[in-house]
Amino acid sequence: MPESQPNADGSAAVSLESLLAGMRVVSLPMTVRFRGITEREAALLPIGDRWVEWSPFLEYEAPEASRWLRAALTTFDTPSAPLRDRVPVNATLPAVPADQAVQVLERYGRWRTVKIKVAERGQRLDDDVARVRAVRERFPEARIRIDANGGWDLDQAETALRTLEPFGLEYAEQPVAQLHDLVTLRTRFDRIPIAADESVRKAEDPLRVARMGAADIVVVKVQPLGGVSAALDTVVASGLPAVVSSALDTSVGLAAGVQLAARLPSLDYDCGLSTGALLGGDVVRRRLLPEWDGDAAVLPVTQPEVDEGLLDEFAAADERQQHWRQRLIDCWPLAQAV
Ligand SMILES: [Mg+2]
């Protein structure tokens, strides 16, 4: 593989041909069903002598997936130095039945903050309340935040937040999908901070959230926002506190998230980067899994070392490799044009 120097804009000087020749797609088993999936497919792309992750979810079309590709190509474009050598992280609890909640959380080891998924399709508010209650009863000191992924309408969100408020919530993430509903919810309900996630990462203009006063906190992810540097710019321009999260990344993607979090001007909230605990396999031997440092569960700022034996072990089927090759071909011109 030839050495590559970055382009003037920070993107990696690589060719589509070299990426197609070296791309490896893995299918990692998950320890618990999350986002409706039990296996996580991710592509690892060779850039210079390193690997970067490109893992848009399978249902994403080329315009969205190409932004994730842009992020992969700019992974090593990190202009500023890290401000910290470790990053506090939260546990993430999928929308599992309440009686499984504690067992799933044990996978994370010790933690002080948990994000609980709510408003899952096919479930009712009673299910969410039971899940939150189970966690609160078992962990009375925990910082609990919820994430509805925009699954409620305005009235449902208001009812849900009033019902869940007594459990003590750090914040509510994307309770409703629409920006104007977020604005309305904030005016009607000022006791729980509102965080925006999809309204940032899926928006044409990720800063509209801040300009409209639609959130107290922005959730940022490296791949959807086009890379570490672009995500950092978004946070600074928003003027809001930020929570860096993952998208069920391998340790390679998680490490990029840690690089971003380590560069935020201030880090007021634990980051959603411990989702490696939901994966039953990875592409590095020294996985990025949270460790308790006496105060919080943390991840170190590291450069992950991909193990090619693990790329073989978890290699996706030939037909899936072919699918991703075509995906890369489709996304390549769009990633250049972003
Ligand atoms: Mg979210």
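For all residues, glycine too, the Cβ spot is worked out from N, Cα and C.
When TrEMBL records E173, D197 as binding Mg(2+), the matching candidate from D147, D153, D233 it lists for that site is D147. Ligand 1 lies within reach of D147, E173, D197 from the recorded positions D147, E173, D197, K221, judged by a C-beta closer than 6 angstroms to any of its atoms. Counting only residues at least six positions away in the same chain, the Cβ atoms of T92, L93, P94, A95, I146, D147, N149 sit under 8 Å from the Cβ of K117 (active site, proton donor). Look at K117 (active site, proton donor): DSSP puts it in a strand. Mean model confidence for the domain 'Mandelate racemase/muconate lactonizing enzyme C-terminal' (98-195) is a pLDDT of 96. Within 10 Å of the C-beta of K221 (active site, proton acceptor) we count 24 further C-beta atoms, all protein chains included.
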